[in-house]
Amino acid sequence: HKAIKGSLGDPTMGSLPPTSLDFSSIDHNSLKNGGASHHQHHQEISRENLLNLFTSQQDLLNHFFKHLDLSQTLDFSRILLSTAGTVFFTGVGKSAFVANKVSQTLVSLSFRSSFLSPLDALHGDIGALSPRDVLVFFSKSGATEELLRLVPCARAKGAFLVSLTSVSGNPLAAVCDMNVHLPLQRELCPFNLAPVTSTAIQMVFGDTIAVALMAARNLSKEEYASNHPAGRIGKSLIFKVRDVMKKQEELPVCKEGDLIMDQLVELTSKGCGCLLVVDEHHRLIGTFTDGDLRRTLKASGEAIFKLSVGEMCNRKPRTIGPETMAVEAMKKMESPPSPVQFLPVVNDDNTLIGIVTLHGLVSAGL
């Protein structure tokens, strides 16, 4: 195909590497000290070379963003959104990894999607396709034999076929129901061979469409989280305080008349760094922390032996309800005037039902 004008090097020589990518200019003098041939050594990567590469890749990606046909893209998005069946993605080589990733993104957003291996498809997997489905081909050249072989079989199944390609007038686009051109100026690779820019473009395109579909479907945070129960995102949106709090016998509970010195074991053994002071109905009166213990000891010395917890406790502690999201508990602990390490969990009538600690939240993966 024709060399595209306006590449990063000589505008008339689109097939040559941009000057910033010409690795032949690397200084070999540094190797002479070692006395070995440069074929046996790696070159040093200079800061300038690296910066040039990233700048060039940025320019190449910008070319894609500037020249993407939005009306083609919109048509493609609407077809995926209105599909009654499954959106299958396929590709060969590096494009197969992208096809798999974009499919996984859609699955995580509650869309029916799957990756179809072109090789396995010709050995039985094509049976998964139905007239309600869409099959999306990722291919830079649009000339990959395995994909072209797959087309008539997929068409026989009645699926709607879409090609996402970067070379104009390619054979795959000619035999699909629809084509979206993904504008590619050249690969970042100095030989314009290794698919490093084309795959980046495919990934950006596919994942951006996925988010457009997510918005069109009004997918809620909770639905997204329910697809990611093990991930941090999921935990922060699924777990409530009641799921991560300590309760009942794990709680360091005492009465306000108890002497501080009698409660030291309770204060230290439950691993919460505090005492939770309750009345006879188990309603929360206040908290007494190991920090309070140090301050009391410093201020009163031996008199601490006679002091009750109720005399020295904080009667206005921060508390939280059991149905609050665990991530909100984390925010509440960190909020001004100063961060705290725990929050007593109380229900509507101030009855103590648990304690959530910073350590507990971190352990839960929040």
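Placement of Cβ uses the backbone N, Cα and C atoms for every residue, glycine included.
Remember, TrEMBL labels are computer predictions, not curated facts.
Among the features that TrEMBL reports, domain 'SIS' is placed at 77-219. Under the heading domain 'CBS', TrEMBL lists 245-304, 313-366. Residues or ranges marked as site 'Catalytically relevant' in TrEMBL: K94, E146, E187, H228.
E146 (site 'Catalytically relevant') sits 22 Å from E187 (site 'Catalytically relevant'), taking the C-alpha atoms as the reference points. Every protein chain considered, the tally of other Cβ atoms within 10 Å of the Cβ of K94 (site 'Catalytically relevant') stands at 16. Neighbour density around each Cβ, counted as other Cβ atoms within 10 Å, peaks among the recorded sites E146, E187 at E187. Across the residues of the domain 'SIS' (77-219), the predicted structure has a mean pLDDT of 94.
Distance noted between the C-alpha atoms of K94 (site 'Catalytically relevant') and E187 (site 'Catalytically relevant') is 13 Å. The domain 'CBS' (313-366): residue composition by secondary structure is 15 helix, 15 strand, 24 coil, according to DSSP.
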